[in-house]
Amino acid sequence: MYMIESKGGAISCMLLALFFLGTWPAIMTLTERRGRLPQHTYLDYTITNLLAAVIIAFTLGQIGPSRPNFITQLSQDNWQSVMFAMAGGIVLSLGNLATQYAWAFVGLSVTEVITASITVVIGTTLNYFLDDRINRAEVLFPGVACFLIAVCFGSAVHKSNAADNKSKLQGFKSLETTSSFQIEAGPADSGLEKGKAKEGTAAYLIELEKQRAIKVFGKSTIIGLAITFFAGICFSLFSPAFNLATNDQWHTLKHGVPKLNVYTAFFYFSISAFVLALILNVRFLYWPILGLPRSSFKAYLNDWNGRGWSFLAGFLCGFGNGLQFMGGQAAGYAAADAVQALPLVSTFWGILLFGEYRRSSRRTYVLLITMLLMFIVAVAVLMASSGHRK
């Protein structure tokens, strides 16, 4: 199997993982805003997410002189470590599923900020002690503090932006009774120009609500924040569980049984995530939540609108997670949690693709810029804490 042995190689894996893990949520959000049911999108996503783990296992897990390789470990008596890996996959799957609904309520940027910050504060602390403190605490924990500050600014950004949107929509009393004529004849700053709504305007927000799959107008943002915090707790546990699977800190393996390598653990991790996602999303087809329309497995198979994007999101997430674990095994999983600064990437996509924060107040812009600066500092500090696993 192929092993990352240098700190530079580990940091390169983390940076690439940061890009991949910050991009796939934007793609999932894109399909939802175009009206595709999240159940359909997530079923497609789970297929390629698992396929990415299989590709990594049969390539990187098989090449190189290091032993044991992936196929050899499949027949070894290592079920205790396999259970830790599968537990990690289950909580990650629950977190990913929750965020898909949270994005609609509180936006891509804020969802990623809150979940990433909870992940780093809890997950990094657990990984630091599990890894026998190979990361430099005097550098690591100031980085964690930066994430704590970032989540405070993230909450402030959400509150300020929500107030901006409410102000834009004051001229429209009810979405359901608002017609195209009313939008055109609405307030002077409603944003309709030659039949096309400008991003960030009231007309744009109303058109988006009518087109998207998850309807959020009139619903409390507390629902979205509750879903977001639940996802953050789930995300904070998957990396420590994976750490236990690959390093056996609790000495659950029998004497002489090799520890799981990253690729074998990631394979089992992805299997459990796939099975849970399949079960939950098939159920949501027939018994949907949050007011979504009922669907069926046949309707899912016939829905090719955005399927390619959904497949791409699964590949990006799968390879991103694999790279994160490869970097963590080499430099410490606490340092690898730097990839949770994915709001740096997702906020860029949110602004570029969805017009998030367009025509917002100066206060919102100041808070947004401050939040992003805190994430840049956090990434630099966490990666600087990288150690070397002996």
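Quick reminder: no glycine exception, Cβ is built from N, Cα and C everywhere.
Computed from a predicted structure; not experimentally measured.
According to TrEMBL, the features are:
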type	residues	note
TRANSMEM	41-61	transmembrane segment
TRANSMEM	82-103	transmembrane segment
TRANSMEM	139-158	transmembrane segment
TRANSMEM	222-245	transmembrane segment
TRANSMEM	265-287	transmembrane segment
TRANSMEM	308-327	transmembrane segment
TRANSMEM	333-353	transmembrane segment
TRANSMEM	365-384	transmembrane segment
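Between the transmembrane segment (41-61) and the transmembrane segment (308-327) there are 3 or more Cβ pairs closer than 8 Å, counting only residues 6 or more apart in sequence, so the two stretches are in contact. By the Cβ criterion (under 8 Å, sequence separation of 6 or more), the transmembrane segment (365-384) is not in contact with the transmembrane segment (265-287), since fewer than 3 such pairs are found. Remark: the transmembrane segment (265-287) contacts the transmembrane segment (308-327), by the rule of 3 or more CB pairs under 8 A. Residues 106-107, 109-110, 113-114, 116-118, 120-121, 124-125, 128, 221, 334-335, 338, 340-341, 343, 364, 367-368, 370-371, 374-375, 377-379, 381-382, 384-385 of the same chain, all 6+ positions outside the transmembrane segment (139-158), place their C-beta atoms under 8 angstroms from a C-beta of that stretch. Long-range neighbours of the transmembrane segment (308-327) within the same chain, counting only residues 6 or more positions beyond its ends whose Cβ lies under 8 Å from a Cβ of the stretch, are 4, 9-14, 16-21, 23-25, 27-28, 30-31, 36, 40-42, 44-53, 56, 60, 92, 96, 239, 242, 246, 262, 265-266, 269-270, 335-336, 339.
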